[in-house]
């Protein structure tokens, strides 16, 4: 008796070969398999999924933390003593890792959709493990050195939440094709139930999550408050060297209404503008006074400070990647900048009717003006001729005495206080970091006639969220960017938003039901095919290409009667 093995017909499956080859180095047809994925490979699939989700959050964190890149570089400078843009290597590795893992995730989904066994190549396993380890180390490092920056995630969701919801809903709806195929193809009822429960749980969560999305930009546009004032923090430090006269002049060209700066007192009693404790980062002190470069900035007298150049470092280091965009005349002015005194700034503010807020740094105990620092600074303010209503006084020490000598100054707190304590201290304004107050607190302070100035606000999305919250002013290192924001990035009425997400949910549900019906119909039709047709139906077809068909030889074997 002669037994014939069924004739099998195969197409050259180029796309399928590429998918299985790149993912698991299975380039040949005989290396592929429709068998169930092993538990070990299933574990690696979950590791890949977890790494993708973690990298997605990590990538989103650094994307939104763009507002505070300068703050991060400042933290690194305090640790190393060398100024550099530490965000560049982090962004490069994050983008590379996320792209790589996302590509593997797409290939894994293609394997599932085509019914192929998941078999991640060992080189990819090493790559995924490296990406996971690097990301975990990064998360731990940020949590230890920059913990407050995690607040950027919930704040940014107020600007991106509705749009992220739509994107996630579209992605999960698209995944229904794969889920429906797996359910229709599966032979075990338990597997079908588990897959359906997991998918429906995620889908239901996405359908109801808008109930928990809150944003100040979901409001009646008629209740929108006037555009918040923009205060130049250390002038316009992204396009001019910080705390120099030219920097404040440039900020005025960007329509700022005030200046924010840091004030230090020289050894001979002259208040001057300096953010750092020493002079190394923003002057050429290493060249002029090499033996004194690490000393406190307040240990220099005003004559010595006037010998320092405060602009060349900006052209050399290009801390914000903006120097190439500057004109020749601007570069010339920058190269000739010197240390700016508080008196110069106050006179500029008086001429332009701009407000001034400054943090006064107390000199060290051995400094000759350690005890008179308040009176020395207040004397300069009074002698500059600036109207007191334009000066925000932030120092808590001797506040009562300052109020007696200069009752017109705007008493400003750098610490978040209760309304009762603010009223008792006669404080009418607060200068806080943007993550220190919620939307409700902003509204409560506004109703109690307490003005809020929040720092540091550089990105349009954050400026828009704070604008919708009702903030009266923001302090920014990028007034040239905020100048281009005449209106919030987006504004939506509550009923419009409700209509949008309900419509999206209904469309998604209808599409998913249609996909499940279609997949069930396809799979039931495939079960009536012969084995050769089933094999062909699993391949990737392109109607416009020529199909090269290879017929295997009939295998004959003699069987004993």
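Glycine too: its Cβ is placed from the backbone N, Cα and C atoms.
Automated prediction, rather than curation, is the source of TrEMBL annotations.
According to TrEMBL, the transmembrane segment annotation covers 42-63, 90-114, 126-143, 163-181, 193-213, 499-518. As annotated by TrEMBL, domain 'GP-PDE' applies to 228-486.
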Do the transmembrane segment (499-518) and the transmembrane segment (163-181) share at least 3 Cβ pairs closer than 8 Å, excluding pairs fewer than 6 residues apart in sequence?
yes
Which listed stretch (90-114, 163-181, 193-213) has the most C-beta pairs under 8 A with the transmembrane segment (126-143)?
90-114
By a Cβ-Cβ criterion of under 8 Å, what residues six or more beyond either terminus of the transmembrane segment (90-114) are in contact with it?
16, 19-20, 22-23, 45, 48-49, 51-52, 55-56, 58-59, 62, 120, 124, 127-128, 131, 134-135, 138, 175, 177-178, 181-182, 538, 540
